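I have placed the structure first, in the form of structure tokens, so that the comments after it can refer back to it.
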Amino acid sequence: MKLKQRVVLLAILLVIFIFTKVFLIDNLDTSAAHREDQRAFQRMLSGLRVALEPRLEHTLQSPWEIAAQWVVPREVYPEDTPELGAVMHAMSTKKIIKADVGYKGTQLKALLILEGGQKVVFKPKRYARDYIVEGEPYAGYDRHNAEVAAFHLDRILGFRRAPLVVGRFVNLRTEIKPVATEQLLGTFMTVGNNTCFYGKCYYCRETEPACADGDIMEGSVTLWLPDVWPLQKHRHPWGRTYREGKLARWEYDESYCDAVKKTSPYDSGPRLLDIIDTAIFDYLIGNADRHHYESFQDDEGASMLILLDNAKSFGNPALDERSILAPLYQCCIIRVSTWNRLNYLKNGVLKSALKTAMSHDPISPVLSTPHLDALDQRLLSILATVKQCTDQFGPDVVLVEDRMTLSHL
């Protein structure tokens, strides 16, 4: 063999060796990450059912103290929460010692203080489970059951960025009115044989009260985050204008994500990937109303995007509002861990998991069957969108490894 041929052969063998080595190393790293994702997924499935019972393992602490200790910059609650059922049981049963109008906002809610001093936000039932909200994807009243379902979906996706939510029945006459502030009490009325209230908010009207069934009102209660974790509000970069005929820039500029990537806090850190996680979450639940979002204050982009106010969801199971996914299909990036979790939830697993997770809630069944079916269909659309991105840019560009250490010290 001539010297030139030997040199070429050696060069080819060297290239093959290098690529093989790199491939094996990458595969080992990827396999380790995948195995951890699979283990996390199995742990999630094994802990799906949350039996609401009062037993606490840490008997020297109240359920409110335990839940407050769970909160860290990147999680509202940890992966392993053996006392989640006890905290949610307390949320759904503890005596109400004060009731007031809700904090600022567009929708009706009440602020309750439970025995032990814990604040919760109560959202009343406005629709039957099978009611279809027509019109714009953000139309209609808040859906209390959507808050419950969104919390459990947050658990299933492994985000753990949504405050705890549970369904609750309250007696407006015996539990609320005796402890209500004058401001809230002044909005109570009787319609037929039903006790009603309309509260104080931007869209609250005396002509549109929320009414109980007699005195018993179904609703959801959301656990207030600890005051030691003040919130900071941000305008969502993919927010809507809410003005007929006026489009936001992202709705007509296909290169919009490039501009976002140059703007703080999206130019570094986890925030842009959080936005994309949230777009996936919102698309699954049908929430097109996240015009703002909250993070913890003074975080310099390091804390999570907190999944608050998910009640404009599950309004129309037949409507798949693709524009909610704009951050995903315009930026074409997604966390590897999120991508893996979505793939594990294919073939009906998502629907089954959510149904199981919500089965012990006091207001179960939380969602109608069409809404559960819509989740599986929307999941397929998300997977197809990511595939389009990987086909165009390659998986190395689209799938971003971003596993963050979460401290609960």
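Quick reminder: no glycine exception, Cβ is built from N, Cα and C everywhere.
These features come from TrEMBL:
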- ASP289: active site (ACT_SITE)
- GLN107, LYS123, THR222, LEU223, TRP224, LEU225, GLU294, ASP309: ATP binding site (BINDING)
- ASP142, ASP309: Mn(2+) binding site (BINDING)
- 188-397: domain 'FAM20 C-terminal' (DOMAIN)
Min neighbour Cβ count (10 Å) across binding-site residues ASP142, GLU294 flags GLU294
Across all protein chains shown, the binding-site residues GLN107, THR222 give the max Cβ-within-10 Å count at THR222
Mean per-residue pLDDT in the domain 'FAM20 C-terminal' (188-397) works out to 96
Rounded to a whole number of Å, the separation of the Cα atoms of the residue listed as 'active site' and ASP309 (ATP binding site) comes to 9
Whole-Å Cα distance, THR222 (ATP binding site) to ASP142 (Mn(2+) binding site), is 13
Listed in sequence order, the residues of the same chain lying six or more positions from ASP309 (ATP binding site) whose CB sits under 8 Å from its CB are GLY105
Rounded Cα distance in angstrom between LYS123 (ATP binding site) and ASP142 (Mn(2+) binding site) is 8
With the fewest other Cβ atoms within 10 Å, the residue among the binding-site residues LEU223, LEU225 is LEU225
Rounded Cα distance in angstrom between GLN107 (ATP binding site) and ASP142 (Mn(2+) binding site) is 7
Least crowded of the recorded positions LYS123, TRP224, ASP289, counting other Cβ atoms within 10 Å of each Cβ, is TRP224
GLU294 (ATP binding site) and ASP142 (Mn(2+) binding site), compared by Cα position, are separated in whole Å by 19
